[in-house]
Every structure is written in C-alpha cells, then in structure tokens.
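These features come from Swiss-Prot:
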DOMAIN    26-267  domain 'ABC transporter'
BINDING   GLY58, PRO59, SER60, GLY61, CYS62, GLY63, LYS64, SER65  ATP binding site
Amino acid sequence: MISIDSTAMKTNNFDLANLSQNDTALEIRNLDLRYGDKQALFNVSMKIPKKQVTAFIGPSGCGKSTLLRCINRMNDLVDNCHIDGEILLHGQNIYDKKIDVAALRRNVGMVFQRPNPFPKSIYENVVYGLRLQGINNRRELDEAAERSLRGAAIWDEVKDRLHDNAFGLSGGQQQRLVIARAIAIEPEVLLLDEPTSALDPISTLTIEELITELKTKYTVVIVTHNMQQAARVSDQTAFMYMGELVEYADTNTIFTTPKKRKTEDYITGRYG
C-alpha cells in the first residue's frame, strides 16, 4: 500500500454517498461520454464536496482526464463527442442548452498539464481574464494581480518584475502564474489536470503545498498519475478504470483499506 502520514491528513467526516446539498460543490449523475462510436465514460455518478481536494486516479486511458474536462465542458471542443447524464452546479445542469458556457468556464477554472502562460507580461497574464470582462480600472487590476499572485504563492518572486515577459519564469513559476491567472476571476471550482507532471521535484512540492492552501477558498479537483501525490494532497479520491468509477471514498480509505479488489490491485502496483 502507499504510505500515508495519517497525522498530516485531515479527517474526512463526509458521507460522500449522502452529501448534503450545502456541502456539495458539484454532483455528477449517470454520466456517459462517447467519442464517435467509442464510449469513454460509463454511468459515472459522484458528489464532490465544497472546499476540499478531490483526486481522480487510475491507469492511462481510464477516463480521469476526460471526466475532469466534462466539468467545465472542455469536451465541447472535441469533434464527435456526445454526452448523456448531468453535472449539477448550484442545482443546475451545466449541459442545459440555456447555460452560458463562457460564464461556466469563468466559474470553473482549469489548469493544464504543461504551463501555458500567454506571450505577455506577468502582470497582463494575471489580469487577462478581468480585461475580457471589461474591467480596466488600474487600481482594481493592480489589487487583483497582487491578490492572485499572493494566492498562488508567487508574489514575492515576481513583485519587482511584473512587466517582464512571463516566458522568463521557470517551469514551476509559470505553473503558479497560470494558477494565479485562473483564480484572478475568482472561480468557485479549480480543475487541475496533471499540474506537476512536467515539473521538477522541488517545484512539484511547491505546487502541492499551494493546492493545500487553495482549498481554503476553492473546490479543487485534481487528476494525477502520481498516487503518492494524491495521498498527500487530497481529501477524497476517486479510482477509475476503463471509463468506470470503481471506488470513491476518503483518501485514507482508498489507500489503506480499499473496498474493491481492482482498487487494491492498482494501489499495490499489480497493474497500471
């Protein structure tokens, strides 16, 4: 089994199957997804708690990133993608035809595997989303930039070079800048798709510490191939296999006393 420092883990008292509406950030109901004739997700249902870190784990191709991208409708951009089922945010199905997808993506931010800063200054990267919303007041932008860079634990490293090109930052700094850009528009939910897979161990540790801080303000959902990382940063973990949600429970249970044989086999390295 993966070794977990139980003294460092927050005890999760949530009954995930019966999570109250007040404690639920997102509810996924009977979600199926197909790319043409190929089905990638099969009847996935789960509730994701507010202001917690939920990790999706599983072998390559299991559907964890596909599921993550459903939460802010990034799969809309994929040809021949068809989705059945519901994802509820504030009790409303985000796949309802009346939903403003741009507004949804402002409320459900996403950070990808590789840092993707824009070819702009550090400052302009952070305030980009605010400018798109028509905010141009300099004081308001300055305050948002500092707040977001502090929130992404990078302010002290960049405060004296805000107008330098973002490409001059290290990989780890660029990823924190991208997180700052995502939280500048104050989303409720932050999706992280393998956010440290392209980073060195020191930068990875910094991002993991940041994730722990982010959950005080945001609901965080992370996809990771690194089981130790899931054990370190998440409050609950969902194990996926071949497009199905096999087991979903508090992280301590998943990594120490999983209920399903497939979960145990994956955690113990019998396949993956």
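Glycine too: its Cβ is placed from the backbone N, Cα and C atoms.
In the three-state DSSP assignment, the secondary structure recorded for PRO59 (ATP binding site) is coil. For LYS64 (ATP binding site), the Cβ neighbour count at a 10 Å cut-off comes to 27, with all displayed protein chains included. Listed binding-site residues: PRO59, SER60, CYS62, GLY63. The one with the lowest count of other Cβ atoms within 10 Å of its Cβ is SER60.
Taking Cβ-Cβ distances under 8 Å and a sequence separation of 6 or more, the neighbours of GLY58 (ATP binding site) in its chain are LYS64, PHE239, MET240, TYR241, VAL246, TYR266. Mapped onto three states, the DSSP output places SER65 (ATP binding site) in helix.
Taking the mean position of the Cβ atoms of GLY58, PRO59, SER60, GLY61, CYS62, GLY63, LYS64, SER65 as the ATP site, the remaining same-chain residues with a Cβ inside 8 Å of that point are THR66, MET240, TYR241. In this view, GLY61 (ATP binding site) is surrounded by 13 other Cβ atoms within 10 Å of its Cβ, with every protein chain counted.
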